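Undergrad: First, the structure itself, so that you have it in front of you.
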């Protein structure tokens, strides 16, 4: 390998490097000069003079207000597509400007300009490589070739209309100010709001302004109402500009809100779980953010807008904190209260007390059965808890969306906000939109049928009035059926639109036409950014990364256009020229990290197929190349800046491996952790970022369709709270391996290898956006997860992966009395790794109920727990950890009080809850004992922050096993009650309570924690189990770090392995590694910390917690 050192020379005239693709367009499209996104004219009404409690006026047209030079629309390159729908002048909003297919903003294809000296220019000319010709793009089969539905023979092309909806306004961050507000705002870069004083103070170097490279400034005059909310002081165009506050990471918006609707009455909706304490302002752990996007909001015209006329996005007053009582944290020494043994009332009495039973009694009776938690100890079901089934007709149940994909906290939606408040339960959705599926109908059709009004995709829950008309199930508009939709590709017959696959499946995927593209689909592009400092060499990860990538290079998702690149860094940045034709990789070193530039634009990101041998040579030589490194500094920030410049022309995925605290250049950090405070009972500090550098860079990445994934392998504090922002706001993922060392910590090494293999080979979607729609009368106001909110309800996902999930909070804005069903639809528009533009649509249907009994009967205790966990993480960052813990306790107290007060003839002492919510206190106690939220025991700050990141992004099934693991006994496993799947007998051992009293020294126990299996072997365990399953002659010979069950041809071994395989396949999650431990003091600690029902030195037992809740309910 040869080396070229490129020091920074004296400043010179500007050198404009050409883009890595020819000006004619890499994808074959003509170059677009000085063209911006076309935008939708705002139809927003003027903002009321009285601002809402928590929101100021935000508009999706913020970009227009701050970039007037780009307001001119580009001329249409082609005529708009034909309209297959009849026009209804009375109800259809005026059409917006159509976005032409393949319209490309200059930021995607324009030349990238960087400063270079004359010497550099000559040096560039000397080593300027020839342009690598683009390989012919392969046909690229569909991602899920399970079933592909062709178009009707001889059908005409029906274009899909771009959204004709008015652009909704962005919800403002939730801010409260305890002190006197500032008189005016600070100026900041367009697209990034400045933080209020309470947030700016802790930034690095005490700088109250953003970094110099964000030079463009805008000023917005702010005023503060009596509630502490931020409002705009001017109307008109200024009213569409967001406040000059750093956007909170939880987005609060209400797409369908109408001002002045007795807002105070809905103040008990969602945040009544959280105590009324002033917020400190600043980011929460929801990784969505304000309204200003680096890229203009043209995706809104692709996926489609929301309801016409819903221009106001004001958030209801329930987003404020509501003066719900602050109960003290439970203590260990609570006096025991002996519950009386009064008999419970009959079901008829219970039904009368709750307002009567409706629907199917046999389904609701068991869910409503009152349970005194202080009397009944065996509450766990024998099998893992399933999602409650909505009370729908059999036909609707058959086509409803899988709860593993789309889940609501209440499977019976309250008719009014008052009923929701009365139940004291949160309303929200948990969504896993890109999860791995065994079957997925893939539809190829010229016509994608959508509602003309709200842009809902046709689905199984629409109503066909006749063969030519269908009624939308979200906004109830009557639409025409296009001619092509009359053809059924399954039966190959005409006249059966209700039998089309789109109407028979609640989860479908469409092959999108050019109407759903801002540019031709990008190629799969992967850039690996590797820490090669002395700390990284000592940790030893580089060798295993290179080995894993070598082994999976051909499995990277992509096609013949796939591009890869590599960048390493310590105190300098190293690029690698891998252009086809070289005899060996060429290293290019940039030593000036204060003003990073790209030494070559067309040889650093190369076609994987053409440069395959050079890539392999580099991976084989990298570990030895830096094995003797003594460089201790880390210039992570400049390396990320270089990676951003390198990936901007196309977009793609940046994978960062970091082993220490960044110490040089932009984004450098200092240690903020006090080891003496790890066990503090007062809570944790520094849960938020120390600098906004990584957040701003992430927003830039999101604007250029770049997702950043972070692998942190650190033995010391690395300030994950700051580093995680680069992934959080770019829709990336975070992986953390504390105390990683390839020799001293083999368990972490194995976990890293398994995670990395899954990461490299799992499917991926590029340049994605997602919108969630709901029935008219419901409103979404807060999002949780890793993404950036481009407009009120449009989530920007530069990358989307099958292991990430999202959550949203909702409220009932208008009465649903006229509706018997409530529907929710999530549409994910993305580019597959094969270069296909696709739309994955999920639709969920739930009944609307008017009785409190139905609300309780349909409560999904696991979904409620996961949503509250997301809300608690936000509160711990925006307020304090103790505040979040109190709020979770209050959630249980509120439910107990509401159930007791609304069931007047249940005069029972003790703690009584409906059977559907019987595990709620147990799950909340388990949450309080998690690393993310626990106090009083030593918890490293980075480990706490990573646990918070997992809470925000893990799918429900994975998260619930982290919070409350499943415990099984294996040594007596049998075929009784077993499942028979594909000629395989899968045993089903019963679940055990998470208590040490359920363990015994004569047994073997398995704990499923979601991402790891713990196997615990008692000292007196049956030797037959040890011999037939573990392959060891006796207990003493069991190795201390057994990481897998050997494949032995014994009946017991086959049973155990079949059960383990079923546990993994049932969730379709990332591979889990196994950690085995013997019955000795050193190995018990890891397993026993998950026994959440037991008392510890720093937390109460489950029974003590119930006693505390009962005391609070009885007050």
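The backbone N, Cα and C atoms fix where each Cβ goes, and this holds for glycine too.
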Undergrad: Ranges 13-59, 154-200: which does TrEMBL label region 'Disordered'?
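TA: Range annotated as region 'Disordered' by TrEMBL: 154-200.
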Undergrad: According to TrEMBL, region 'Disordered' applies to one of these ranges: 282-301, 302-321. Which one is it?
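TA: Among 282-301, 302-321, the range TrEMBL annotates as region 'Disordered' is 282-301.
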Undergrad: With TrEMBL as the source, identify the stretch among 625-645, 646-666, 667-687, 688-708 annotated region 'Disordered'.
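TA: From TrEMBL, the annotated region 'Disordered' range turns out to be 667-687.
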Undergrad: When secondary structure is assigned with DSSP, how many helix, strand and coil residues does the domain 'Sec23/Sec24 helical' (860-961) contain?
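TA: Going through the domain 'Sec23/Sec24 helical' (860-961) residue by residue, I get 71 helix, 3 strand, 28 coil.
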Undergrad: Go through the chain and flag residues at least 6 beyond the ends of the region 'Disordered' (667-687) whose CB is under 8 A from any CB in it; none is fine as an answer.
TA: 204, 285, 636-638, 640, 661, 693-694, 697, 717, 719, 721-723, 876-877, 880-882, 935-942, 944-945, 948, 1098
Undergrad: So what's the mean pLDDT when you look at the domain 'Sec23/Sec24 trunk' (521-760)?
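TA: A mean pLDDT of 93 is what the model gives the domain 'Sec23/Sec24 trunk' (521-760).
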